[in-house]
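Chemist: Annotations for this protein, taken from Swiss-Prot, read as follows:
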BINDING   N100, D198, E457, E533, Y534, A535, H536, N600, W1005  substrate binding site
BINDING   D198, F597, N600  Na(+) binding site
SITE      H353  site 'Transition state stabilizer'
SITE      H387  site 'Transition state stabilizer'
BINDING   E412, H414, E457  Mg(2+) 1 binding site
ACT_SITE  E457  active site, proton donor
ACT_SITE  E533  active site, nucleophile
BINDING   N593  Mg(2+) 2 binding site
Amino acid sequence: MTAFSEILQRRDWENPQSVNIHCLKAHSPLASFRDMAHARDGIHAQRQSLNGQWKFKLFDAPEQVDGQFTQADFNDAEWDEIPVPSNWQLHGYDKPIYANIKYPFDVNPPFVPRENPTGCYRTRVSLSPEDLLNTQRIIFDGVNSAFHLWCNGTWVGYSQDSRLPAEFDLTSHLVAGENTLAVMVMRWCDGSYLEDQDMWWLSGIFRDVTLLSKPQHCIEDVFITPDLDACYRDGSLSIVTTIAAPETYQVQVQLFEGTQAVTEPNIDRPHNRRIDERGTWNDVVFQTLHLREPKKWTAETPNLYRLVVSLLDENGTHLESEAYPVGFRKVEISEGQLKLNGKPLLIRGVNRHEHHPELGHVMTEEDMIRDICLMKQYNFNAVRTAHYPNHPRWYELCDQYGLYVCDEANIETHGMQPMSRLSSDPQWAHAYMSRYTQMVLRDKNHPSIIIWSLGNESGHGSNHNAMYAWSKNFDPSRPVQYEGGGSNTTATDIIAPMYARVNTLIADEAVPKWPIKKWISLPNETRPLILCEYAHAMGNSLGSFDEYWAAFREFPRLQGGFIWDWVDQGLSQWDENGQHFWAYGGDFGDEINDRQFCINGLIFPDRTVHPTLQEAKYCQRMITVSLQEQTQKACTLLVTNENLFRATDNEQLNWSLLENGQVIQTGSLALSVEADSQTRLEIALNFTPKAQAQYHLNTDICLIEATSWAPAGHVVATEQMALRNHAGLAIPTLRTQPAPKLTQDGHAIVVSSLDEKHQWRWDSQSGLLMEWNVDGKAQMLAAPQDNFFRAPLDNDIGISEVDNVDPNAWVCRWEMAGIGQWERHCVHCDSETLAHTVVVTTTFAYHFGGDVQAITQWTHTLSNDGEMLLDVDVTLADTLPPMPRIGLELQLPLYQADTPITWQGLGPFENYPDRLAAARFGLHTQTLAQMHTPYIFPTDSGLRCGTQWLQVNELAISGDFQFSVSQYAQQQLAEAKHTHDLLAQERIYLRLDHQHMGVGGDDSWSPSVHKEFQLTEKHYRYQLRFKPASR
């Protein structure tokens, strides 16, 4: 018996050689069905969940734990209770820590802080005498970071690697009746140096705990390898079964589709294959099944069979069965491309952390299904388990629903210097190998897994080479990818860079990131390129995403990538007023933190979607539509089906014809396009074109019937095509109305319509339009003013670490130029009456640091009918950096909380100049609240581009502009750190932009806005026409 004091003295949690003690060898998940039919149907598994309320107490360090807590008779009545699974930091113990790169403790591997929060758990399990006739194994699917286990006061063993199962044989420790389990979990261990992923540091038993009952003679492991013949028609299944039984026992394998057997039973014994010059295995059975023309598994067609593996004694009596879903598919790299079933894949992927806003790292099945359905609804076909093996159920669901998986080992040493320090250290080789091999051994039977990953951001060293070599020997059916060390080392079958650009080199003397187009053309480089991370979706981001997809579709060896990342890692918190907000790094008093750098998702923590997800859905669409030919009476469309393995047998094309953004004709067409092919469709048009009207054809590809992941009617792909107007031009009408009345009263310039219905008043000293009344009702609450500032986006701030601010970041450059702090002076303000209008001209100079930074001239042309034509001329100093925006801001009255905003332009969702591929021109209406995107870290949001007409309240504006509306002042948005810091104002801020800089998004730590979306010109001119909406 190992004494508690000996365990404390031994300090397994600071020894990289002590990865696990007394753990059973890793294997595919086991269920121990006692009947073949039960195995086939997946019912009555011999697994007992130990999830529930456990006794719990947190200590400051292992040395402070009372070793008597391991004993069955220990009095835990005063202890708290905590749910298992859970993270203890989310139940009032200790605090969450978020860091991207930095370790939250002093770096001195393998040692960890002496102040090492230690959670002690206790629970009781009752077993009958009949239960003890079988072996009893306990399985911890995930414990962070390391733990010791006792049963009835006896030490059982130790394990670390928080993302893989730890399984112990409890049989010899159990008694009939009540049994006591005690677990001591350390927050930090030497393994923490290998788990420096960009996520929350949370602790505890956070995945399921299960008791597995198996007979004395049983199946220990099953390794299934599907294959297809050279024509990808017929299938074979290699089955390698490891047993704990006499050599005379037999293994039977049989394949089912539903309840129907599709192969005959195949029965064999150990010693049936010679391995080397010393002979055969005495506990391994090799078998092969063949199936003619099986239904193939792909993400598009996730056809599954079920393999039942049974152990029979020498008399043929059934003892136990295990069963696994089987997907017939073949993964290979040939001709420089990653292929599935002979077809080159295009990876529409995303990196996904296991994150829940209330449960932390605990994921329920419902959460997993919701993520998968959202991914498929938004045209993702692949997921990278960033950066660790996921919950076992995740892979079963990916098999079932259809997602390609890049399964990643729980290894990241991002905070080491150099990053490869541990990766090149032989003392850590065992820890590396254990993490990788146990992942592969657990997950090897899942058809959804098409790529193994050696880990993330750990440099490149001999330990990676060892993992790669083992993988290629153990499972040659799957490629291996790894980004570290430059993305193209000998330890990867796929060039797998992070954040490489399409056309721009990111220079680094150690690990240069070539433009992806160039990378595949480097000398002697024949591998496919799949970005393991790209398009950093932090806040208001994903600019120029369409540029990647144009490259992916143009160059066959550019095979897509995995967006970073899926979900904002915000944790639910409430302020002192009971207002909810999403917390990020530093919000829990965690002094080492990287603030909001964990808020990188395409969706919010509660799974509502960001506008960026619309852009991803559009660019990744599986079915594209393009206009091939147009006459006055018809349009010919080319429909391309990028699905590689299924025809459009459950889709229809709904179309609508728009005139000036309004629908005037609709229709539907049956859609029948074979996989990976094209067809032409003709749409008959029945309308008379109007002079100078704009016409667009919208197409929506919709599901006819519901699928497992989306309801009937779900739109899988959209398109909008501009049509030519076959009508002639309209003759313009000339104004014949008299000019309005101009008067001056001291410093006031007053312009009124002859019927006194419309009135404008300027202050000639400030040059500002102070009042605009219609029928005595104020149209504005504050004067329109030049607007050059935007509340900085995460990409503008450009940091990945709190103490690593880049002076070249946009926000730093803007602050240096004083943008948002300029002092305005009116140079002059003039007015004159013309034949039909009154013109008021004001000139402003903007000063900062003793210099004039900008000069603007506003020319207001006022008509008797209440119309105001505003012409703005902007000149900027040559010394200024690219500007955030060129435009103006007004403040309007707020009459109702759900004020409708109607516009003719791109929408309906938020779009920016470099993120508008998915937006469509039309006449849109949304409420004021819908026009604001509540980014967790408040920033500029809600822009709509390509606008020609806008109505807010009783004011209509026309021109060619971009706009946003909000109840928050820009300074509020710039200063707020969370949404609960924002107090909605009793007014509407209307921002009208002539030009607005792009949002960027190739990454979030460098100025990533592409040149064509930067405002580098020094002269701008624009016009806006204002009029009462009632006209």
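Even glycines carry a Cβ here, placed using N, Cα and C.
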Chemist: So among N100, F597, N600, all listed as binding-site residues, which is physically nearest to E412 (Mg(2+) 1 binding site)? Use the C-alpha atoms.
Modeler: N100
Chemist: DSSP on F597 (Na(+) binding site), three-state: which is it?
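Modeler: Going by the DSSP assignment, F597 (Na(+) binding site) falls within a helical segment, counted as helix.
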Chemist: Which ones are near H414 (Mg(2+) 1 binding site): of the binding-site residues D198, Y534, N593, which have a Cα within 10 Å?
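Modeler: The binding-site residues close to H414 (Mg(2+) 1 binding site) (Cα within 10 Å), listed in sequence order, are D198.
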Chemist: Within the chain of E457 (substrate binding site), which residues six or more apart in sequence place their C-beta under 8 angstroms from its C-beta?
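Modeler: Spatial neighbours, sequence-distant, of E457 (substrate binding site): H387, E412, T413, H414, M419, E483, G484.
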Chemist: Given the recorded positions N100, H353, W1005, which lie close to D198 (Na(+) binding site), meaning Cα to Cα within 10 A?
Modeler: N100, H353
Chemist: Select the closest residue to the residue listed as 'active site, nucleophile' from the following binding-site residues, measuring between CA atoms: N100, N593, F597, N600, W1005.
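Modeler: Smallest Cα separation from the residue listed as 'active site, nucleophile' among N100, N593, F597, N600, W1005: N600.
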Chemist: What are the sequence-distant neighbours of H536 (substrate binding site), meaning same chain, six or more residues apart, C-beta distance under 8 angstroms?
Modeler: Y499, W564, N600, N795, G1001, D1002, D1003, S1004
Chemist: When DSSP states are folded down to helix, strand and coil, where does H536 (substrate binding site) land?
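Modeler: In the DSSP reduction, H536 (substrate binding site) maps to coil.
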Chemist: Do you know offhand how many angstrom separate F597 (Na(+) binding site) and N100 (substrate binding site) by C-alpha?
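Modeler: Distance (Cα to Cα, whole Å): 7 Å.
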Chemist: In Å, how long is the longest CA to CA span across N100, D198, E457, E533, Y534, A535, H536, N600, W1005, which the record gives as the substrate binders?
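Modeler: Site span for substrate, by Cα atoms: 18 Å.
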Chemist: Taking the Cα atoms as reference points, how far is N100 (substrate binding site) from N593 (Mg(2+) 2 binding site) in Å?
Modeler: 8
Chemist: I'm trying to understand the geometry here, so how far is the Cα atom of Y534 (substrate binding site) from the Cα atom of the residue listed as 'Mg(2+) 2 binding site', in Å to the nearest whole number?
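Modeler: Computed Cα spacing between Y534 (substrate binding site) and the residue listed as 'Mg(2+) 2 binding site' is 23 Å.
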Chemist: Report the residues of the chain - excluding E412, H414, E457 - with C-beta within 8 Å of the mean position of the site's C-beta atoms, for the recorded Mg(2+) 1 site, in sequence order.
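Modeler: For the Mg(2+) 1 site, the extra neighbours are I101, D196, Q197, D198, H387, T413, G415, M419, G455, N456, S458.
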Chemist: How far is it from W1005 (substrate binding site) to H353 (site 'Transition state stabilizer'), counting Cα to Cα, in Å?
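Modeler: Checking the Cα atoms of W1005 (substrate binding site) and H353 (site 'Transition state stabilizer') gives a distance of 20 Å.
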Chemist: Give the distance between the Cα atoms of H353 (site 'Transition state stabilizer') and N593 (Mg(2+) 2 binding site), rounded to the nearest whole Å.
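Modeler: Cα-Cα, rounded: 18 Å.
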Chemist: Just checking, which of Y534, W1005 (binding-site residues) has the fewest C-beta atoms within 10 Å of its C-beta?
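Modeler: Checked Y534, W1005; of these binding-site residues, fewest Cβ neighbours within 10 Å: W1005.
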